[in-house]
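Only one structure is covered here, and it is reproduced in the block below.
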Amino acid sequence: MKNMTKLCSSKPTVTVNGRYPGPTIYAREDDTLLIKVVNHVKYNISVHWHGVRQVRTGWADGPAYITQCPIQPGQVYTYNYTLTGQRGTLWWHAHILWLRATVYGAIVILPKRGVPYPFPKPDHEKVIVLGEWWKSDTENVINEALKSGLAPNVSDSHMINGRPGLAKNCPSDQGYKLSVENGKTYLLRLVNAALNEEMFFKVAGHLFTVVEVDACYVKPFKTDTILIAPGQTTNVLLTATKSAGKYLVTASPFMDAPIAVDNATATATLHYSGTLSSSPTILTLPPPQNATSVANNFTKSLRSLNSKKYPALVPTTIDHHLFFTVGLGLNPCPTCKAGNGSRVVASINNVTFVMPQTALLPAHYFNISGVFTTDFPKNPPHVFNYSGGSVTNMATETGTRLYKLPYNATVQLVLQDTGIIAPENHPIHLHGFNFFEVGRGLGNFNPKKDSNNFNLIDPVERNTIGVPSGGWVVIRFRADNPGVWFMHCHLEVHTTWGLKMAFLVENGKGPNQSILPPPKDFPKC
């Protein structure tokens, strides 16, 4: 715990090595990492290496009660995994309670020595991590909400590399300063580590060239605004084309549904060398909070590089066709006075996931019965006008239910937003895999009509995908990684409310197609 002051207000904060954001991990493709996590705080802790494939090493994936029991106070666990065939920007964060509010940092995976980037080599690289800050203790924020049955208080500020910038009522907060030199090109490695908010990112007077998302190369395209959801990473090239000056950098929320968000814009400064600090900053306006068209333009521009060296291996024949609705619901809660005897919940296919007391991966590996079932529904239990959302019964079922996949099976998964309570953009993250986004649209997915428009040539490959508000997205992946793999909304409030499930991928028959045994220091529940 470290006492931190932000927005002229101090609180004890859970940090890694006393730093917020935490340290950046630098490695190369195919390196093996050993990361010793020592728990000196009063909370149970676990750390997820977001986007790392963890081929056969689910024990190191990190989500508490899914792949491991948490590291208890005073205990130690060494995460041991290999960055097999991955290069680019990923990130790490706590994966228990709401501790990832302050426990997070970037992972920079450089290409193997001598392997160039598939774009012009930048002169410099900078890591930029976006976050959210609450003046209150975030554990209190979510606990109060769970007691009331209502949504938690929104954050007090957004952050750019741990700083809010020009904060209302707190002139002492200095924003992050991004120093540049005229004529030089910078690779900005952006991470959205916010708990609950998709963000727009802009720099006054400058364009970005997007070259990678979620550690997968894309066909480069130019834009003045980046859209990045919680859990996602984006690499962009920025060339310092001006002769001098200070330029405003903004990180602001995107929300095109009637849901409360923290509307504070975090600011930083792009500062040309030789510019006086007293010189005026050239401003830019962030997009409107509900700028759906700006968001869509960005999303539609993303395409896999699909080169000879980096092909897009999209599954074309499908073994498992799945259709999952994602959204909110209301369950009875007699003690929830503020919620009039109801509590807001979230679900996939109307199942609000219940976290087990024993972690799922050890339960599967050691055949411990009674922890989970493998009857997760492949289709919604009730057919209705999903995106329209007017249903009389908003109650959900509860259970710890998994969907079983044979090794190497190919999966097509339709993720359909519902309008129950409110339609909302859900950034869905799948652990253990990358997937391809082959289609997206508004309204209800129509398999006959919409399947004809799939992009099976160069769809974007990623690990976290935004399901559009009142719409759908279709992803495809190959289940070539045995283990238990969590899939959940990366809006932390929705994960807490139950918008999560897991895939159980069985061992294959070949020599390298089985889960490796657990490490000796694997935490006990």
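Cβ coordinates are placed from backbone N, Cα and C, and glycine is handled just like the others.
TrEMBL entries are annotated by machine, without manual review.
What you see is a predicted model, and the numbers here were worked out from it, not measured in a lab.
Over in TrEMBL, the protein carries these features:
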DOMAIN    2-112  domain 'Plastocyanin-like'
DOMAIN    126-274  domain 'Plastocyanin-like'
DOMAIN    376-508  domain 'Plastocyanin-like'
Helix, strand and coil totals (DSSP H, G, I; E, B; other) for the domain 'Plastocyanin-like' (126-274): 11 helix, 75 strand, 63 coil
Across the domain 'Plastocyanin-like' (2-112) the predicted model averages a pLDDT of 98
Residues in the domain 'Plastocyanin-like' (376-508) per DSSP class, helix first, strand next, coil last, are 13 helix, 58 strand, 62 coil
